[in-house]
Every structure is written in C-alpha cells, then in structure tokens.
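Lifted from TrEMBL, the feature list:
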- 525-619: domain 'DYW' (DOMAIN)
- 94-129: repeat 'PPR' (REPEAT)
- 166-196: repeat 'PPR' (REPEAT)
- 197-227: repeat 'PPR' (REPEAT)
- 269-299: repeat 'PPR' (REPEAT)
- 300-334: repeat 'PPR' (REPEAT)
Amino acid sequence: MSIGLLVHPLSPHIPPASSPSASTAGNHHQRILSLAETCSDMSQLKQLHAFTLRTTYPEEPATLFLYGKILQLSSSFSDVNYAFRVFDSIENHSSFMWNTLIRACAHDVSRKEEAFMLYRKMLERGESSPDKHTFPFVLKACAYIFGFSEGKQVHCQIVKHGFGGDVYVNNGLIHLYGSCGCLDLARKVFDEMPERSLVSWNSMIDALVRFGEYDSALQLFREMQRSFEPDGYTMQSVLSACAGLGSLSLGTWAHAFLLRKYDVDVAMDVLVKNSLIEMYCKCGSLRMAEQVFQGMQKRDLASWNAMILGFATHGRAEEAMNFFDRMVDKRENVRPNSVTFVGLLIACNHRGFVNKGRQYFDMMVRDYCIEPALEHYGCIVDLIARAGYITEAIDMVMSMPMKPDAVIWRSLLDACCKKGDSVELSEEIARNIIGTKEDNESSNGNCSGAYVLLSRVYASASRWNDVGIVRKLMSEHGIRKEPGCSSIEINGISHEFFAGDTSHPQTKQIYQQLKVIDDRLRSIGYLPDRSQAPLVDATNDGSKEYSLRLHSERLAIAFGLINLPPQTPIRIFKNLRVCNDCHEVTKLISKVFNTEIIVRDRVRFHHFKDGSCSCLDYW
C-alpha cells in the first residue's frame, strides 16, 4: 500500500495555508478510513498512522475516530506496545479507546493485570465513563488472575453505573466468581439476571463443573435446553461432568447428541473431541477414546496428552510410551509440555518402570527445558519409593527446590508401610504429614490417611498400644478416616454404597448375593487377608472377615451381579484405593462369575477379567 502517492503529505508542524472545507476534510477522513480497512499487517498500519499524523488536524472529532481505529488495528495485530504508544499520544480518550486498550491487555496473557490498572486509570482521569463494553473485558482479566478482590470492586462499579441488569456484564461476573471458586456468588448473579443468553448458561454450567458439582451442572443443562440449543462449549462442560461422575451412559448420550446435532468448525471440533477422549478415558472405555482419537482430522497437544494420561491411568504404560514416541517423531512433530511428562511418569509408576521413569524425568529437564513441578516430583518420588528405593526417594524429597506437600510425604509413608521399613522412619515421615500446614487446614485429607497408615505400621509390629494412641489422637483432633464409597451406574442411575451400607432398597438381595459370592469363593480355596480388616488387637477373626465382606466395592459388585445381564461389564468407581483382599476377591469374582469388572479407585483403573487384573498386582 503506497499511501504517500495517494494524497500530497502536509507538514506535521506547519498547518495548511487555508483550512479545507468540511466536505473536503470529511472525504479525506473517509479515504483514510477506507485505507485502514485494507491494512493487513503492522508495517502498513504504521504507514497509515504516519500519513494520518501529517494530513489531519488532531483536534477534529473525525481524526480522533481515526486514532481509535488505528489503536484497534494495532491491538488486533497483537502489537500491544504500539497500541500503548498510540494511546499515550492522544490527549483526550474516548470510552472506545479505553475499552480497546483494556481489551488488548485482557487478551494478552502477560498483561492481564494491566487491564485492571488501566480501568482504574480510566476512572481516575474521568475523561469518559466506563460503559457496558468496558466491564466484560476487565472482569475477564480479573478472572484470569483470580483477582477476587479486584473483581468485587468492579462489581460495585457495575452497580454504581447502572449496568447490573446487562446480560454481557453479568456473564462476565459469573465467569469471574466461578473462576475464583465463589460458586454461591456466581449462582446469585445467575439467578437474579433479568435475561440470560446461551453464554450465561454456559458460564454457570462451567462454574459448577469446575467446582465438582457435576449433578447440579447436568441438572442446569437440562433446564437450559428448554430455552436454548446447546453449542460446543456447552457440550464440553457436559462431557467434563460425565467424566467427573464416571457416567459412561450419559457420556455416550452426549457423544450421540453431538454426532446428531453438530457440524462444528475445526477448532471447536478439536476441543470437543479432546473432551470426548478425556470422558471416555475417565469412564473406563479406552477403546472408545482411541476410536475418537484415530478419527480426528486435526489434533493438538491436548489430544495427545489426553490419550497418554488415559493409557497411564489404565496401567497401559507401553501404549502411553508408544503414543509419546509417535507424538514427537518428525511426522507429527508435536512438542510435549509438563502435562505430557506427568502422564508418562504416572504410566511408569503404575507398572513399576523405575529406570524408564528416571529417563523421562531427565529428558523433560535436559531435552525440553521443562522445570519440574510438584506434580512431577510427586510422581517420581512415589515411583522410586514404591519400588523399594526408600533412601533414594527421601534424598530426592530433601533436594527438591520447593517444599514437599502432604501427598509426597504420604507416598513415602505408604511405601514404608508396604515394604515393612522401620517404625522409626515411618514415625518421622508421619510427623511431616501431620505437621504440614496446608494439610491441617483441609478437612481430613491426607492427614487422616497418615494416621491410618501409621496405625497399620504399628499393627504390623504388634504395637497395639500405639495403635490405640493413634486412634485416640484422631478422635481428639476431630480427624475421621475417610469412609470408603463405591458407585455403580445402571440404566443411567448412579447407586452409591458405603462400607457396611444397609440403606439401599435392595439391601436384602445384596447381602444374599454376598453370601453366594462367599460360598463360591470358599469352594475354590479363597482365604481372606485379615490384615486389611480394622486394625485392632482382636482375636475374633470372624468379625474381621465380616468387616472385609462389607467393603463398599463388594456391595456394589453384588448389586451389579443382581441387576445387570450376565457377562455385562460391571463398572465401579471408588474414592479410596482398593485393599489387597478386595483386589484378590474381585479377581476371583471375575473368573467364577465370568464377568469383566472395571474399578476406578483413587489413583488408577483396574480391569479384572478371567481371574487376573490389568495392574498385574502392582498398585
């Protein structure tokens, strides 16, 4: 674009001999505006800016409008620094100019905080008042930086300026409060909105999913369908809710709904299919996840990470590593990130591949210059400790550049417990967990697990007085052992069972089925592992065996055998790790009753079939 040949340039410092007529000036501004519409890069825009400076009067309203357009274009070309220079060269700024710069900062990852600072400066200068376009940009920036305090201030300004009923502004408030974890405030804004858009519903559903309120999110989705047709963003949240609930039937329905209703663009197609992969992996159907992945025309890093993490949590370490090799080869040429290596380390952990785990940890730092985060240290420490290298694991914890959290200490204690290491070492590690401030501020959490593991160490050493002391301490501090809870979905309805549960309408049939299971297992020589029963110095082995029978996953399996057609896979979701005895029993049930049982516990999936488990008894 050769601007200099179109109009004879005037000196920026010497005004024209005679002022042009209004019509001539108007035509000139219109021509510059037309040229602005054809700008395709910053080089052309800078030429246009220079031309505007030389040939227009800065005090004219039409010139200010042109500066606003130049400011907008420089922001759209992602040159925020130039946008700031243009902005600073203007004496009187319109709301449009402020909004343009605030928006540019809100969209720039490194300038989110500047968006809020610009808004404050806008109020201080008082050149122009914020409008309904100002607040969504400011709120977006506050949400990104989790600026709850700043967001509350903006909310007050919204009410003060009379925009409390604006749908776009309220959408921004819902997103802000949802991002900051203030679900009650997000819901209050949503409930009080005089009108809602599809974005309003999407923002509220997404906030509920982020907060783990999956059932409420799906209920809101059903309400939304009375007024709006869901879009790709809606379905992403719905799929995340299905993944959180482990609801394969609902997730499959959502997949069918997408296939029936949508022909989305490529970018949204990738996002939705990534959500499908994650949902199928978390619901225990790796086969369907692979089908979605293989059918994708375009994939991004998140697609590969979802599959690697899926294989990892299902204990299929070799497939996870093969996918990584495919991802980084010359054909795909996708550069891994920190999440990729979390997946690889989890895969190694679930199969006990210590050397391979060490290699990936070193590769992450050496080849990809990724700074190890707490999650990476947690994985590698757990891997090394569970393989029996307790001293090496402790040395790694001591050399970490950040303070280890309770989860890492608990991994060490768990490994010490399983490997029968010294009571003194276990006591020292337990003190670190119990003394971790972050854990004490949470309800129970890993702290309860530490007490339970320590009591198990004492029980293994027959130090029953110490077991009693640990239990007394738990009672005095109000710390309760997290109760085991297992859920099973049948015909789209989720049924929850706690250990020893008698509240289900089919309790009588469930306990009758448990008796059938016990009789069948004893007939093939099963003997219970009483070490997994409550840790008390009791000689009544019968009571210990009875407590094992009532573990939550056994109730759920019995319920599944009663209510599902023969040889239909039974899918169980449990909040705690599977104990040794239940693991052995579930293997035997899969063989005796000729049924596949899939159990997702707190850390991984177990696929039981024909008397064996996919974890190869290493978990």
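The backbone N, Cα and C atoms fix where each Cβ goes, glycine too.
TrEMBL labels come from automatic prediction, so no person has curated them.
For the repeat 'PPR' (197-227), the mean pLDDT of the prediction comes to 95. Within its own chain, the repeat 'PPR' (94-129) is flanked in space by residues 64, 67-68, 71-72, 75, 78, 80, 83-84, 87, 137-138, 140-142, 144-145, 147, 150, 154, 157, 161, which lie at least six positions past its ends and keep a Cβ under 8 Å from the stretch. Outside the repeat 'PPR' (166-196) by six or more residues, the chain places 132-133, 135-136, 138-140, 142-144, 146-148, 151, 155, 158, 203-204, 206-208, 210-211, 213, 227 with a CB less than 8 A from a CB of the stretch.
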